[in-house]
Amino acid sequence: MLLWSGICGLSPPRIFPSLLVVVALVGLLPVLRSHGLQPSPTASTIRGSEPPRERSIGDVTTAPPELAPESRPVNHSVTEHGMKARKAFPVLGIDYTHVRTPFEISLWILLACLMKIGFHVIPTISSIVPESCLLIVVGLLVGGLIKAVGETPPFLQSEVFFLFLLPPIILDAGYFLPLRQFTENLGTILIFAVVGTLWNAFFLGGLMYAVCLVGGEQINNIGLLDNLLFGSIISAVDPVAVLAVFEEIHINELLHILVFGESLLNDAVTVVLYHLFEEFANYDRVGIVDIVLGFLSFFVVSLGGVFVGVVYGVIAAFTSRFTSHIRVIEPLFVFLYSYMAYLSAELFHLSGIMALIASGVVMRPYVEANISHKSHTTIKYFLKMWSSVSETLIFIFLGVSTVAGSHHWNWTFVISTLLFCLIARVLGVLGLTWFINKFRIVKLTPKDQFIIAYGGLRGAIAFSLGHLLDKNHFPMCDLFLTAIITVIFFTVFVQGMTIRPLVDLLAVKKKQETKRSINEEIHTQFLDHLLTGIEDICGHYGHHHWKDKLNRFNKKYVKKCLIAGERSKEPQLIAFYHKMEMKQAIELVESGGMGKIPSAVSTVSMQNIHPKTLPTERILPALSKDKEEEIRKILRNNLQKTRQRLRSYNRHTLVADPYEEAWNQMLLRRQKARQLEQKINNHLTVPAHKLDSPTMSRARIGSDPLAYEPKADLPVITIDPASPQSPESVDLVNEELKGKVLGLSREPGRATEEEDDDEDHDGGLVMRTKEPSSPGTDDVFTPAPSDSPSSQRIQRCLSDPGPHPEPGEGEPFIPKGQ
């Protein structure tokens, strides 16, 4: 009654997960028995005097195995009549050993699924504690319950982990890998994965060897190679733990791909170091040849795994070309070829994780072009489901195996391992980031460095590698396993639970949940082509150049072999537009918005439909003239500052330009021309009305030169619209003043009136000229001795510079021949 009243007092959101846990634990009761359902000792004692009963298998009656054929009771009356004794047909029978293995597997998977449902039903728990932490706690509780009833808890075998639980998680990560972010940051990822892992392994192994020398009698017998082996196991960042934590905090794409990419690509380093130190530990003496071979094995393991993955990816893509009539089996090829790539790599002791990633990345674009939309949906959801279940089982069995395993605790060794792991991670990230930022355009800020260092989580890969150690060759493997479990629990619980509040506290940029529109995708591709052209012009071949080369090779050769039909010949931009338009149409139909579709013909339609012409409407409002002038001024002022060289750009790597000296001379001439133009602008008169900008004037004159015919009696500026930015495109035509306007016969008052009339009626840019000065004199007006006073006053008036123009208002007008 007390239990029932306690359950009734819970709120509905808390009752549901509690019932799920109870149902799962009740389902696990048969597993708690050692070998299925067996009678209790009391029952067997009571029935001890009775002979063993016969067990029926189907419709055949068999005698118990402990009775010999001679000791069977014989019914003489039945024998005489030639009849055999028969039992009644068994209506109900129990044979747990027959279904034990699949039944227990199903129960564990059911427990994992119920736990995931229960955690997300209570939002207060899932928002504070990561799912991986809760799953480990459930594993600890289940393992403790199994051990409390006197049974041995199941242990996470390394073969089960590496062959069945890990491949789905890596395949899901490799198949849906954000390829653009991965390739743009591949150099940074490789430095963190290779150099960072080597630093952690040797730094941790060397310091732990020093600790063992002064740590006491229990750990004095651990040698240098044993400590280096232990450092190689514990140094690698675990992809399962990183995925479980980073997907919940929704960190930005850059940090996510850096940490997750490091956890994927450090597998080759971990495998090589593990096998290398495991072999060296059995040698009496390690020579230079062994070290060189170990160094070469890194390239064999990593590049060999990539090669195996690429081969299986190409085969999978080629096979999907012929599945147009059998759509049902299309998803199966993706799973089988990927899994065979992993097994083939493990067969030759290559990196299976690298093989899975390479196969998923290579096959995806070609397979998705060949298979149907339903098959693509099946692949997506099956991979997500498979990887989620595997991840849940890994964390649950990690908790159960902690209870089931044998441990050897040493405070000095365990605490030193935990402390040195944190120090090595921080120092490695800081040092490598300082080096990487010298070559990156987008620098890694101190906040980014903190998240990268804090996100170096350890997980089940280190636990399984520690469990693989042979106790005969490594007597201290129990101590290693205890230290590994301590580091895993600290990183998952402490760092995993505190990383979300720290991200919010530091205001780290989060991932954008909204997808990019068609406009953004098209402009992104346009910018890629533009940057490729810029790299070709300056001779700096970056990743845009090689990406363009690879795309051209892919379009010219690979697509024709791996993609069926006309899809291989379709331009990428048009194919993407078709895909996005179809996606939007499907979403519109599913949302019930068909009544709002306009009656305009689609450009994708294959039918020749001629609808009624609809009145064209301007989507965006027209900009005002003031706003347009403001934008032009901003562009003119800022486009001059784009002549900057990146830090990764080195002019000494370019081919020597024979025209560089001529270019420098041209720049000097332009600088002198600008100085001359500043002097000329001082002699410009200001019209009465507001003038258009020089850019608008050039455009107007270039479009219709006859409509703006200048006056014949004034000096004008002739503009060549074909090349407005060339110094030779502007010519100053000085026409002689008709009838010697400035002569003595003209009166000063009349000259002033004519000048005012010219300023009122002129709509263009007018330049007044003065008499050329003699050589060796400056531009200051000096009257000649023969000039009359009226002529001197007129020329002094004309030489008045007037008000200066606003800075940055017009573009320079450079006279020809200066």
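Any Cβ shown, glycine's included, is placed from N, Cα and C.
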Message: Between 172-175, 580-583, 684-687, I'd like to know which one Swiss-Prot lists as region 'Interaction with PPP3CA'.
response: 684-687
Membrane_side_equal(ASN220, PRO475) from Swiss-Prot: yes
- prompt: Per Swiss-Prot, which of 20-44, 445-469 is transmembrane segment?
  reply: 445-469
- prompt: Short question: which residues 6 or more past the ends of the topological domain 'Extracellular' (342-350) have a Cβ under 8 Å from it?
  reply: 162-163, 167, 170-171, 271, 275, 300-301, 304-305, 308-309, 312, 356
- line: Same-chain residues at least 6 beyond the ends of the topological domain 'Extracellular' (149-158) with CB under 8 Å of its CB atoms are 32-34, 142-143, 394, 397-398, 400-401, 403-405, 460, 463-465, 467-468
- request: Using DSSP, tally how many residues of the topological domain 'Extracellular' (405-410) sit in helix, strand and coil.
  value: 0 helix, 0 strand, 6 coil
Field: For the topological domain 'Extracellular' (284-287), sequence-distant contacts whose Cβ falls under 8 Å of one of its Cβ atoms, 6 or more beyond its ends
entry: 225
